[in-house]
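K.L.:
Straight out of Swiss-Prot:
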- Ser15, Lys189, Thr190, Lys191, Pro192, Thr193, Gln194, Lys225: UTP binding site (BINDING)
- Ser15, Asp150, Ile151, Glu152, Lys189, Thr190, Lys191, Pro192, Thr193, Gln194, Lys225: CTP binding site (BINDING)
- Ser16, Leu17, Gly18, Lys19, Gly20, Ile21, Asp73: ATP binding site (BINDING)
- Tyr56, Gly356, Leu384, Gly385, Met386, Gln387, Glu407, Arg464: L-glutamine binding site (BINDING)
- Asp73, Glu143: Mg(2+) binding site (BINDING)
- 294-536: domain 'Glutamine amidotransferase type-1' (DOMAIN)
- Cys383: active site, nucleophile (ACT_SITE)
- His509: active site (ACT_SITE)
- Glu511: active site (ACT_SITE)
Amino acid sequence: MADTKYIFVTGGVVSSLGKGIVAASLGKLLQARGFNVALQKFDPYINIDPGTLNPYEHGECYVTEDGHEADLDLGHYERFLNTPTTRANNITTGRIYQNVIRKERKGEYLGKTVQVVPHITDEIKRNVKLLGQKSQYDFVITEIGGTVGDIESLPFLESVRQLKWELGQNCLCVHLTYVPYIAAAGEVKTKPTQHSVKQLQEVGIQPDILVLRTEHELQPDILKKVALFCNVAPDSVVQSVDVPTIYEVPLVLQQQHMDETVLRKVGLQVGPVPEMRQWHEFLEMKHTAQETVTIALVGKYVELQDAYKSIDESLMQAAIYNRKKLNLISVHSEKVTEANVAETLKDMDGIVIAPGFGSRGVEGKLVALKYARENDLPTLGICLGMQCMVIEYARNVLGFKDANTTEIESNIEHKVIDLMDEQKTVTDMGGSMRLGAYDCALRKGSKLAAAYGKEFVRERHRHRFEFNSQYREAFEKAGMQCVGENPETGLVEAVEVPACRWFVGVQFHPEYNSTVVNPNPLFMAFIREAIKTRKKDKE
């Protein structure tokens, strides 16, 4: 295709409506029609990236293949499209201003007064078009974070306005709004949507397609009313009624021919219907699963729904492919004690020890791990979760009672987890960890190698601390095997206890490499083992 088509997804009325899901769903439908699609997210906050943001503030921090800390929506993009993202797929206001200031210091604007318009908006437009110019994408779908009317979104919306003017038919805007249901009146209200569109029009943008989030199905007269008062064609008003799972959203949009509407508006032939066989099979497995596998996720941010989003989704995908429903139980690690651990975990088929940073909640994770190991409960530790496995084993099996990570306590004898050598001179917090995909060689005959079905994998990382190799021999002799390591540095990236049915820890993050059509083998194997445990316990 000669010209890349650019689609912007904006949001109005309230935040958290699911712009990322709508963008990913539309991208999936276009991809299923044979188009090459890229998705990107523009966030209006001034942080360079979300790497230093507390999960309570922003939810999960996602990590791309090339080592960029990104918004969790990139996880949705990858899970829906089954294609990796990069640094170019997530831009923040902070990055935009940083780039402009750097150019100003280099003299690229010499003689000019640097302003929001045109310099900031030009930099935004440059980043929007970057993916389309560097790669052969037919569509670039850009999600604009925030809500129309927010001050911080104005430069992005001005950039969208300019691009719609510059690109003409090759650019369109999808606006997602909320249609509330007033229970007392027994009716839905479209006025918030009308006002949201009016705000968008005030900055010079006429939306081409409206997507209406609603809890109740909207009648044709409501859709016609919205079309009339928002100046949108009737066939360009799409409703997104709440569904049991986000993976049904592409089918909901397809049923209303949203992908066909997009193709017509950008001047392309509609062609055959999208090839969504695998997607339908996935949902069929989900809806027909009868039995349940119960997994405990032990972490310190479990009360926040988005804090471990990729782990939640990876476990759910693995359960579905194993023909089971997932019953995911959130266990706050700060609340786990020796007194209550047995009661807390007794009905679990397996547990996952979540990643994280800092000392809060670590002792609870250690208590949970001791119980799981001694009761042969299938356990998967991720990042800090693996490090906690090492600490627990050092204290309770090797007898190193003061064993710890130097992230928590440096004045100890047994530093079984220590700061990586290359991190010891690092002073900046942001973007300075060991980030992105690295190779890992797996030990032949290990449970981990069996899970992956190969002895060489590449997974993503996000950490500063590592297993202290000085203790490797002691751990091996005591029964904890180092079964994965970086072939270049020798860094231990995975451990397991062969005497247990499944007690595996990995320094990397397998959840960043699991999609709807390609679930991560490690989660698949873990869920299989949990199912076996459930059956054995029943017998």
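Using N, Cα and C of the backbone, Cβ positions are placed for all residues, glycine too.
A quick note: this is a predicted structure, and the numbers were derived from the prediction, not measured.
Each of the listed features needs to be described in terms of its position in the shown structure.
P.N.:
Secondary structure at Thr193 (UTP binding site), taken from DSSP and collapsed to helix, strand or coil, is helix.
In the three-state DSSP assignment, the secondary structure recorded for Lys225 (UTP binding site) is helix. Listed in sequence order, Thr190 are the same-chain residues at least 6 apart in sequence whose CB falls under 8 Å from the CB of Lys225 (UTP binding site).
In three-state terms derived from DSSP, Asp73 (ATP binding site) belongs to a helical segment. With a cut-off of 8 Å between CB atoms and residues at least 6 apart in sequence, the same chain places Lys19, Gly20, Ala23, Ala24, Lys41, Tyr62, Glu143 near Asp73 (ATP binding site), listed in sequence order.
With a 10 A radius on its CB, Glu407 (L-glutamine binding site) counts 18 other CB atoms from all the protein chains.
Per-residue pLDDT, averaged along the domain 'Glutamine amidotransferase type-1' (294-536), amounts to 94 for this model.
Cys383 (active site, nucleophile) counts 22 other C-beta atoms within 10 Å of its own C-beta, drawing on all protein chains shown.
Secondary structure at His509 (active site), as computed by DSSP, is strand. Its Cβ placed at the centre, His509 (active site) has 22 other Cβ atoms within 10 Å.
Cβ contacts within 10 Å of Glu511 (active site), excluding its own Cβ and spanning all protein chains shown: 29.
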K.L.:
Give me the Cα-Cα distance between Leu17 (ATP binding site) and Gly385 (L-glutamine binding site), rounded to a whole Å.
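P.N.:
Approximately 32 Å lies between the Cα of Leu17 (ATP binding site) and that of Gly385 (L-glutamine binding site).
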K.L.:
Excluding Ser16, Leu17, Gly18, Lys19, Gly20, Ile21, Asp73, which residues of the same chain place their Cβ within 8 Å of the centroid of the Cβ atoms of the recorded ATP site?
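P.N.:
Output for this site, in sequence order: Gly11, Val22, Ala23, His76, Glu143, Leu176.
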K.L.:
Cα distance, Ser15 (UTP binding site) to Ile21 (ATP binding site), nearest Å?
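P.N.:
So the alpha carbons of Ile21 (ATP binding site) and Ser15 (UTP binding site) sit roughly 13 Å from each other.
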K.L.:
Are there any residues at least 6 positions away along the chain from Gly18 (ATP binding site) with a Cβ closer than 8 Å to its Cβ? List them or say none.
P.N.:
Leu176, Arg213, Ser240, Ile246, Val249
K.L.:
Other than its own, how many Cβ atoms are within 10 Å of the Cβ belonging to Glu143 (Mg(2+) binding site)?
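P.N.:
Glu143 (Mg(2+) binding site) is surrounded by 28 other Cβ atoms within 10 Å.
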K.L.:
Given the binding-site residues Lys189, Pro192, Thr193, Leu384, Glu407, find the one whose Cα is closest in space to the Cα of Glu511 (active site).
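P.N.:
Ranked by Cα distance from Glu511 (active site), first place goes to Leu384.
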